[in-house]
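Peer 1: Got a structure for you, written out below as structure tokens; questions coming shortly.
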Amino acid sequence: MRDVGRRISELEDLVRDLDARINDAMLALPNLPHTSTPEGLDETCNVVLRHWGDPTELDFEAQPHWDLAENLGIIDFQRGVKLSGSRFYTLHGYGARLERAIISWMLDLHGGEHGYTEVALPILVRREIMEGSGNLPLFADNLYHDEEDDLWLIPTAEVPVTNLHRDEILSSDELPLCYVAHTPCFRREKAAAGRDTRGIKRVHQFNKVEMYKFVEPDTSFDELEALLGNAETVCQRLDLPYRILQLCAGDISFPSAKSYDIEVWAAGSQEWLEVSSCSNCTDFQARRANVRYRPAVGERPRFVHTLNGSGLALPRVIIAILENNQQPDGSVVIPEVLRPYTGFDTIPAK
């Protein structure tokens, strides 16, 4: 009997080891691209679907935001570096007030007109929360981590919102569940070393308003189009010219089955800047976080589909507002929809 007991213990250890290896292998597998996602290996195969507005043309020599903002005294790059190192900055005066105004206006727009429920979230999460959203284990090098407590700084509000209903069974009457959240986001940007080193286009810490949906599988691709439309509304109300790209299979994110990017035009740096990526992750994240719903009484639970989209990311919105609305004297005119929130209609030249 002792030999039998020992053999049972050995087999149990083997099963645990095999389960762990299978789990590790499964966590490394990305979602499958949807059949409507274009084929292609990288961003060169993305498809431009449409434009809104004409790229802003100024009849004077436009300044890029890093010169314009420093001349206005609203962004201080040197003090950001002094405090935290490269790819950090500080906002001052009109700059800080402008960012706060944009955040408040976007939250009110999505919560009031678009029907999202605003949530305030932790920015430090546990390891399994990062696994649920698909950020771990493969992307640990791009995340900030407190090893002692094993807590991770979020790269986007998508991470905690994905897990709000972790291990829950929702009723079909509750769906769709639509959330909007503002959080700071933290990214090490190791893959972008040496790129976009000037200004605030690519930084380690930034603010973002995120839209997120838990929906029934049959409606998820219609919900993706609605999500994209909500993000487009932000650009239109700010009068920012933009274009929509559908991402190819080689450029969609790890958990996504289908994605669109919104890029706004920046007249000073003369480039298109991504301000939102809207994705349908189908049941990929729901399986990892075990979020299910019951279609009807007595039916077996099914996994929900999850969708996410920036609504929008702040640094590049600020870049576009500054560069497109700059005046010959170096001042900047504030978009009309933001003026009730900023309390000023112009950032005056110094």
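Glycine residues also receive a Cβ, built from the backbone N, Cα and C atoms like all the rest.
Okay, so TrEMBL annotates it like this:
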- Thr156, Arg187, Glu210, Asn308: L-serine binding site (BINDING)
- Arg187, Arg188, Glu189, Val203, His204, Gln205, Phe206, Glu274, Val275, Ser276, Ser277: ATP binding site (BINDING)
- 1-28: coiled coil (COILED)
- 113-335: domain 'Aminoacyl-transfer RNA synthetases class-II family profile' (DOMAIN)
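Give me the lay of the land around each of these features.
Peer 2: Long-range Cβ neighbours of Arg187 (L-serine binding site) (same chain, at least 6 residues apart, Cβ-Cβ under 8 Å): Asn142, Leu143, Pro155, His204.
Within the same chain, the residues at least 6 positions away from Phe206 (ATP binding site) whose Cβ sits under 8 Å from its Cβ are Pro184, Cys185, Ile200, Ala313, Leu314, Pro315, listed in sequence order.
Long-range neighbours of the coiled coil (1-28) within the same chain, counting only residues 6 or more positions beyond its ends whose Cβ lies under 8 Å from a Cβ of the stretch, are 131, 136-138, 288.
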Peer 1: What's the CA-CA gap between Glu189 (ATP binding site) and Glu210 (L-serine binding site) in angstrom, rounded?
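Peer 2: The separation of the Cα atoms works out to 20 Å.
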Peer 1: Could you check which of the binding-site residues Thr156, Glu210, Asn308 is the closest Cα neighbour of Ser277 (ATP binding site)?
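Peer 2: Spatially nearest to Ser277 (ATP binding site) by Cα position is Asn308.
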Peer 1: Cα of Glu210 (L-serine binding site) to Cα of Val275 (ATP binding site): how many Å, rounded?
Peer 2: 11
Peer 1: What is the separation, in Å, between the Cα atoms of Val275 (ATP binding site) and Thr156 (L-serine binding site)?
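Peer 2: Here the two Cα atoms lie 13 Å apart.
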Peer 1: May I ask which residues of the same chain, at least 6 positions away in sequence, place their Cβ under 8 angstroms from the Cβ of Thr156 (L-serine binding site)?
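Peer 2: For Thr156 (L-serine binding site), the qualifying residues are Thr183, Cys185, Lys208, Glu210, Asn308, Ser310.
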